[in-house]
Amino acid sequence: MTALVRHRLFWPAAVLLLLLAANVAFTPGFLSIEMKDGHLYGSLIDIFRFGAPLILVAIGMTLVIATGGIDLSVGSVVAISGALACLHISGLPDQNDVGGVLTAVGLALGLALVLGAWNGFLVAGIGIQPIIATLIIMVAGRGLAQLITDGQIVTVNSASYKLIGGGYWLTLPFSILIVLAVLALTAFLTRRLALGMLVESIGGNATASRLAGIRSRGLTVAVYAFCALCAGIAGLMISSNVSSADGNNAGLWIELDAILAVVIGGTSLMGGRFSLGGTVLGALVIQTLTTTIYSIGIPPETTLLFKALVVTVVCLVQSPAFREKVFQRRGRRRPAAPQATDDEKVEVPA
Amino acid sequence: MSSGILTSARLRLPGRLRSAYIPVLATAGLLAAMFVAGGVRYTGFASGQVVLNVFIDNAFLLVVAVGMTFVILTGGIDLSVGAVVALSTMVSASLMTDGGWPPLLVVPLVLLIGSALGLAMGCIIHYFDIQPFIVTLAGMFLARGLCYVIGTDSISITDPAYTAVAQARIALPGEMAVSVSVLIAVAVAGAAAYVLHYTRLGRNVYAIGGSEQSALLMGLPVARTKIAVYTISGFCSALGGVLFSLYTLSGYGLNALGMELDAIAAVVIGGTLLTGGSGYLAGTVLGVLVLGLIQTIISFEGTLSSWWTKIFIGLLLFAFILLQRLISARRA
Amino acid sequence: MAPPAPILQMSGICKEFPGVKALSGVDFRLLPGEVHALMGENGAGKSTLIKVLTGVYDIDGGRITLNGQDVVFAGPLQAQQAGISTVYQEVNLCANLSVAENIFIGREPRRLGRIQWKRMRRRAAELLAGLDLHIDVSAPLSSYSLAVQQMVAIARAVDISARVLILDEPTSSLDSGEVEQLFRVMRRLKAEGIAILFVSHFLDQIYEISDRMTILRNGSLVGEYLTSELGQVELVGKMIGRELADLEKLEDRPPARTSEPLVQTEALGRSGAIEPFTLTVHKGEVVGLAGLLGSGRTEIARLLFGADHASTGALRIDGEPVTLRTPRLAMNRGVAFCSENRRAEGLIPDLTVRENIVLALQAMRGWHRPIPRRTQDELVDKYVAALNIRPADPEQLVRNLSGGNQQKVLLARWLILEPRLLILDEPTRGIDVGAKAEIQRLVAELSDGGMAVLFVSAELEEVLRLSHKVAVLRDRKLVAELPNDDGLTTGVIMETIASGGRA
C-alpha cells in the first residue's frame with residue numbers, strides 16, 4: 001500500500017479517478033461509449049478528443065522541462081501554425097486538394113520547427129535562460145500569427161483539412177490517432193532509443209553530462225524544435241477542428257496548461273527524470289476537470305478557480321519543503337543537513 | 001603590488017559606469033530616437049501632449065510594472081499581475097455599481113485584496129520553496145476565476161464621484177493636461193525609486209537578487225524581503241486595476257489579458273536583469289514609455305496594423321536580452 | 001615569554017557523519033594576535049572543524065570556549081555576532097552591490113529611515129584605507145578582482161567586530177601580487193590583536209605568514225607546532241602520515257615499460273590553473289601525479305581530457321597534434337577521465353546504476369544507436385561483479401549508493417569504453433580497504449593489457465606501487481619527473497614536494 005502511494009503517478013491518477021467518479025455520480029451514463037454511423041461517441045472519447053492538443057503540447061513540453069528548461073512560446077506557435085496552414089489552404093483553387101493541404105501542413109510544421117530551433121539556439125547556443133529566451137517568441141509570435149492572417153479570422157472549407165482535428169478514421173477521432181502516434185513516436189525515441197536517458201542526464205547534471213561526452217547543445221536544440229513541432233501539430237488540430245485560424249486566441253494560455261500538466265504528472269521543473277505517462281495523465285486531469293465542471297452543473301466560469309486549487313494542492317504535495325513542514329511533525333527535527341555540495345571541494349578555475 | 005590592484009580598479013571605472021547604465025541609456029536613446037523619428041514623419045507628433053497621452057494611456061501599466069520591477073530584482077517573477085488588475089476592476093465595478101458602495105471604501109478594500117493575494121503567494125514561494133512561476137500562475141488562475149465568479153459580463157461604473165475623478169484633467173502650462181491616474185502613477189514610481197535606493201528594504205531586494213545565499217549569510221531578513229516584494233507587486237497590481245477602471249470606467253473579467261507580458265517586457269526593456277540584482281526603476285519608466293510610444297507611432301502611421309506592436313516588442317526584447325547577455329558575459 | 005591566554009579553545013571535538021568519523025577528539029586553540037595555519041590533506045577534517053566552529057554543523061562531543069566562556073552556535077550568523085567571522089574562497093558577498101554596501105548592508109547609517117549614502121561611502125573608504133586599500137567604494141564589487149573582494153569581505157568581518165577571523169583558502173585563486181597584498185592586511189590585523197585561522201595548500205605561504213600550525217590527519221589531531229620549528233619535509237610527512245624513518249622501499253615495483261609514446265604535451269598550460277608542463281605518457285604506462293591538494297593535479301587531468309582549454313602549448317596523441325576543445329573529442333581519441341568530484345562532475349543522481357554506467361558509451365554512440373538492453377545488462381553485470389558494487393542492483397538510483405560504490409560506478413562507466421589513456425583523479429579516496437586493493441589491482445592489469453593510466457592520488461605509497469614514473473607537482477607547477485627505480489621512495493617524493501624540486 002505504501003509502495004502504491006509512493007509511486008510517482010499515484011497522486012495524478014488518484015485525482016483523475018476522483019474526477020471520473022464525480023462524473024459517474026452526477027451523470028450515470030458517463031462511462032458508456034456507443035457506436036453511431038461507424039464512429040465512437042461518448043464522454044470519455046470527448047475528453048480525449050478535446051484534450052488532444054493539450055496532450056500534444058504537453059508531450060513536447062515534458063522533454064523541454066526534462067532538460068531543465070521551459071518553453072513559453074508554444075501557445076504562439078499553435079497560433080502561427082494554424083494561421084499559416086489556413087492561409088495557404090484558403091488560397092488554393094480547390095480547397096479539398098489533398099496535395100495542397102499536405103503542402104500547407106508541411107509549411108506550417110516547417111515554420112514551427114524553425115521557431116523551435118531558434119528557441120533552442122538562444123538557450124543552448126547563446127546561453128539565455130529558457131524562460132526569457134522563449135518569452136521573445138511568446139510575445140512576437142502572437143503578432144506574427146496576426147500578421148499572417150492579416151488580423152482576420154481566416155476560414156477554410158476543406159474536408160481534407162477538417163480530417164486532422166474534426167474527422168474520424170477507423171471509428172476513432174483522427175486527432176486521438178495523431179496523439180497516439182506522436183506519443184508512440186516520443187516513447188520510441190526516448191525509451192527505445194537513448195534520447196530519454198541523454199535528456200534526463202542533461203537535466204540532472206549538466207556538468208557531469210558534458211564530462212561524459214554528451215553533446216548537450218545539439219540535443220537541447222533538437223528538444224526545443226520537437227516541442228515546437230508538437231505545438232505546430234496541435235495548432236493544425238485546433239484550427240482544423242473549427243475550420244478557421246484565429247491568430248489572437250488560438251492556443252491562448254496553452255503553455256500554462258501544458259506546464260501544469262507536466263508538473264501534475266510528476267516531472268520536476270528542475271529537470272531530470274521525466275514521465276510521459278504522467279504528463280498524459282496530467283493533461284487528462286486538466287481536461288476532465290473542465291468537462292466535469294460542465295457536466296455536474298457548476299458554472300463554467302469557476303473552472304479557473306478549480307484549476308488554481310488543483311495546481312496549488314498538487315505542487316504543495318510534491319514540494320519537499322511542504323512535506324517536511326507538514327507531514328514530519330512527529331519525531332525530532334533533524335539538525336540542518338549539510339549541503340550536498342559542501343562536502344566536496346569545488347574546483348574554481350582561476 | 002598594491003599599486004597594480006589600484007590601477008586595475010581605476011582602469012575599470014569607466015567600464016563599470018558603462019555596464020551598469022548601458023541598458024538604461026540604450027532605452028533612453030531609443031525613446032529619444034523614436035520620438036524624433038515620429039516628429040519628423042508625422043505632423044502633430046512632436047508635441048508635449050503626445051508624450052503626456054502616452055502617460056495617460058499607460059498609467060496603469062506603469063504602476064503594474066513598478067511592482068514587477070521589485071519582484072524581478074529579487075530574481076522572481078509574478079504572472080498574476082494581469083489577473084489581479086482584472087479582479088480589481090471587477091470588484092470595484094460590482095461593489096460600486098451593483099452594491100452602491102462609496103469609492104472611498106471600495107478603493108482601500110481593493111488594494112487590501114491585491115496585497116493579501118501577493119502576501120499569500122510570497123509566503124508559499126518562500127516557506128514551501130515552490131517556484132514563483134508556478135505559484136503566481138496559480139494566483140493568476142485564482143484571480144481570473146474570481147472575476148468570472150463575480151460576473152461574466154462587463155460592468156460599467158456610474159458612481160458620480162468616481163467618474164468625476166476619471167474625467168478630471170489637471171492643466172499644465174502650455175495648454176497640456178494630464179489625468180489623475182498619471183499623477184498617481186508618477187507618485188508611485190517616485191516612491192518606489194526612493195524605497196529601492198534609500199531604504200534597507202530596497203537594498204535587501206538588490207542583495208537577494210545578487211545572491212540569496214550571501215544575503216542569508218550576511219544576516220539580511222531574506223524571508224521578510226521576499227514576501228514583501230510579492231506583497232508590493234500585489235498592491236501595485238490592485239492599484240493598477242483601480243487606475244484601469246478609472247481609464248475604462250468599467251470592470252470586466254477579460255480586462256488586462258496578457259498584461260503580465262507587457263509588464264515583464266517593460267521591465268526587461270528598461271534594463272533590469274531577469275536574473276535579478278541589477279536594474280533601475282527609471283529604466284522601467286522608460287520601458288513603459290517605449291511600449292506606449294510604439295503604439296502611438298503605429299496609430300499615427302495609420303496603415304500599420306496593431307499586431308506590429310507585438311512584433312516590435314518581441315524584437316526589442318530580443319535586442320535587449322542579447323545586450324544584457326553581452327554585458328554579463330563581459331563582466332564574467 | 002609566556003603566550004597570552006587563548007581567545008578560542010576547542011577541546012575533544014568529535015563529529016560523526018553516517019558511516020564516517022569526521023573528527024575524533026580534536027583539540028585546537030587560537031591565540032590573540034597570531035596567524036594560525038590549519039593543515040591537512042583532503043579529508044583530514046579541516047573544513048569539518050571550521051564548520052563545527054562556526055555552527056554550520058552541531059558537535060557530537062567536546063566543547064568550544066570563546067574568551068573563557070562556553071559557546072554553541074546555531075549557525076554562521078550567530079558565530080559572527082559573537083565575533084567569529086569566516087571569509088571563504090568564494091566570497092559570500094553580493095557582487096552586484098557596491099563595495100561600500102557590501103561592507104554595510106544590513107547596518108547602513110540612516111537618518112529617519114533614509115540611508116545616508118555619503119556617510120556610508122566615507123566610512124567604507126576609511127575602513128578600507130585602514131587595510132591599505134584605496135579604491136572607489138561606490139563601484140560594484142564585481143568590478144574588482146577576487147583579491148579585493150576578499151579584502152572587502154575581511155573589512156566587513158572586522159567592522160562587525162571580529163575577534164577571530166577564519167580565512168578558508170583565501171589565496172587559491174590569487175596571483176602572487178594579490179597574495180602579498182592580502183598578507184599585508186593579515187599582518188596589520190594581527191598587530192591589532194585579531195586571531196586569524198588560515199587555511200591554504202601553498203606551503204610557501206604557510207611559512208611566510210603563519211606563526212603556528214595545527215596538523216590534522218584522518219579526523220585526528222597530529223599536533224600543534226610553531227612554524228619556525230617545523231621543517232617543510234617534516235610537515236609534509238606529518239600531513240601524509242609517514243615519518244621519514246618509516247619509509248621503506250616498496251618491493252613489488254612495476255616493470256619498466258619501453259613502448260611508443262601515446263600522449264605528449266609540450267609546454268601545455270592554462271593561465272591561472274597550471275603552468276606550462278611537458279609530460280609524456282607511453283602506451284601501457286602508469287604515470288603517477290604526486291603533489292598536495294591544489295598543486296595542479298586535477299588541472300593537468302582536465303587539460304588532457306579537454307574539460308578545460310589550454311591557453312599555451314601543444315598536445316600530441318599518437319604523435320599527431322590535437323586540440324581537445326571538448327571532452328567528446330578527447331573520448332574519440334581514447335582518453336577517459338574519472339573526476340575526483342563525483343557528485344558535481346560525475347554522477348547523474350536521478351539515474352540508475354545501469355544508466356550511469358552506460359552513459360559515456362551511449363554518448364559516444366549517439367542517441368539514435370541505443371545499446372541493446374541485453375548488452376547493457378551484460379556489461380553492467382560484469383562490472384558490478386568485477387568492482388563489487390553494492391547493492392548489486394543495477395536498477396537502484398545511484399544517489400542511494402554509498403560514496404565508495406558511487407566511485408566504482410563512475411569507474412565502470414569509463415572502463416566499458418576501453419580507453420587507451422585512463423585518467424583517474426583520486427579514484428581510491430573514501431573507499432574501503434578491500435575495494436582500494438581491487439582498484440589498484442585493476443589498474444595494474446589494465447596497464448599490463450596496454451592501457452596507459454594517469455593516476456592522481458594523495459597517497460604516495462599507492463602512487464609508488466602502481467606507477468612507472470611519478471610526476472611531482474607543487475604550487476601549480478610540474479617540478480620533477482622521477483622514474484620509479486630503486487632509488488625512489490615516498491621520502492624522495494616528499495622531499496621533492498617540500499623543496500619544490502630545487503634540490
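Keep in mind that glycine also has a Cβ here, set from the backbone N, Cα and C atoms.
What TrEMBL records for B:20-38 (among others) is transmembrane segment.
The transmembrane segment annotation in TrEMBL covers B:50-73 (among others). Residues 35, 38, 44, 81-82, 85, 132, 172, 176-179, 181-182, 184-186, 188-189, 192, 196, 205-206, 209, 229-230, 232-237, 239-241, 243-244, 247, 256, 259-260, 262-264, 266-267, 270, 272-274, 276-279, 281, 284-285, 287-289, 291-293, 295-296 of the same chain lie 6 or more positions beyond the ends of the transmembrane segment (B:50-73) yet place their CB under 8 Å from a CB of it.
Long-range contacts of the transmembrane segment (B:104-127) within the same chain, counting only residues at least 6 positions beyond its ends with a Cβ under 8 Å from a Cβ of the stretch, are 76, 78, 80, 84, 87-88, 91-92, 95-96, 135-136, 139, 142-143, 222-223, 226-239, 241-242. Summarising the annotation, TrEMBL assigns transmembrane segment to B:104-127 (among others).
Annotation source TrEMBL lists transmembrane segment at B:133-151 (among others). Taking Cβ pairs closer than 8 Å, the transmembrane segment (B:133-151) reaches residues 77-80, 82-84, 86-87, 90-91, 94, 117, 120-121, 124-125, 230, 252-253, 260 in its own chain, all 6 or more past its ends.
Under the heading transmembrane segment, TrEMBL lists B:172-196 (among others).
Listed as Cβ neighbours of the transmembrane segment (B:227-249) (distance under 8 Å, sequence separation of 6 or more from its ends, same chain) are residues 57, 59-61, 63-64, 66-68, 70-71, 73-74, 76, 78, 80-81, 84-89, 92-93, 107, 110-119, 121-123, 125-126, 132, 136, 156-157, 162-163, 165-166, 179-181, 184-185, 188, 201, 205, 255-256, 259. The annotation transmembrane segment is assigned in TrEMBL to B:227-249 (among others).
Sequence annotations record features per position, and here TrEMBL assigns transmembrane segment to B:261-294 (among others). Distant neighbours of the transmembrane segment (B:261-294): 20, 22-24, 26-28, 30-31, 34-35, 38, 54-55, 57-58, 61-62, 64-69, 72-77, 81-82, 189, 192-193, 196, 206-211, 309, 312-313, 316-317, 320-321, 324, 328; these residues of the same chain sit at least 6 beyond its ends, with a Cβ under 8 Å from one of its Cβ atoms.
Summarising the annotation, TrEMBL assigns transmembrane segment to B:306-327 (among others).
Same-chain residues lying 6 or more positions outside the transmembrane segment (B:306-327) and placing a CB less than 8 Å from one of its CB atoms are 19, 22-23, 26-27, 30, 262, 265, 268-269, 271, 273-274, 290-291, 294-295, 298. Listed as Cβ neighbours of the transmembrane segment (B:172-196) (distance under 8 Å, sequence separation of 6 or more from its ends, same chain) are residues 48-49, 52, 55-56, 59-60, 62-63, 66, 69-70, 73, 165-166, 202, 205-206, 236, 239, 243, 246-247, 280-282, 284-285.
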